[in-house]
């Protein structure tokens, strides 16, 4: 027997009639949902999956690399590195002196294999060594160090200092002035003259060494120098361990 809404309305009481209405409506809704999902699945399967690449290059390769690897967070473009932007060297007293190395501004502070701050530290050391060598040779002549080429006032004699910087050299000489003779002959009960003289010389040498070590790092935060020195020590220890292992391996081969 075919159950239709007309037959149910004739024979069923009101409560059963309401339940029948709900049953028919839920069945109809489920059928509609199944049909719509089936049609949606059919339409989705019918369309092929396509990938659309970047066929138009609207920017330079450098700008696209910045999107991937990142750029500076603030300020202008990257400026310099001591190995990339190198100034023109000059020959002074027969020694080819490099220009003062430029501070890098592209360090990631993650301990790279070739850190730019470590390279800068090595370049500063080489620059100071070469400049000192040129100053020692220049002191044997009457020539002047170029005023616009970072003259090493500590190493130069007064006659070789540029005229516009001789006032600075005088101030440096006054700062290194020795104690008067009365200081070396203190009154009874005070420290001896030899101890006082030795202490004064040690303090002067330590201060001079500290200034020489910091030369070239002017204007650079101290944490960068500490970072470069730490990276250098770590790599030296690794290299020393590697050499020790190679030496032990060679000895083991010889003994076998």
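For all residues, glycine too, the Cβ spot is worked out from N, Cα and C.
Record features, source TrEMBL:
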REGION    24-45  region 'Disordered'
COMPBIAS  24-44  compositional bias 'Polar residues'
DOMAIN    92-135  domain 'Oxidoreductase-like'
REGION    178-222  region 'Disordered'
COMPBIAS  202-217  compositional bias 'Acidic residues'
REGION    237-256  region 'Disordered'
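Mapped onto DSSP classes, the domain 'Oxidoreductase-like' (92-135) shows 20 helix, 4 strand, 20 coil. In this model, the domain 'Oxidoreductase-like' (92-135) carries an average pLDDT of 85. According to DSSP, the region 'Disordered' (237-256) comprises 19 helix, 0 strand, 1 coil.
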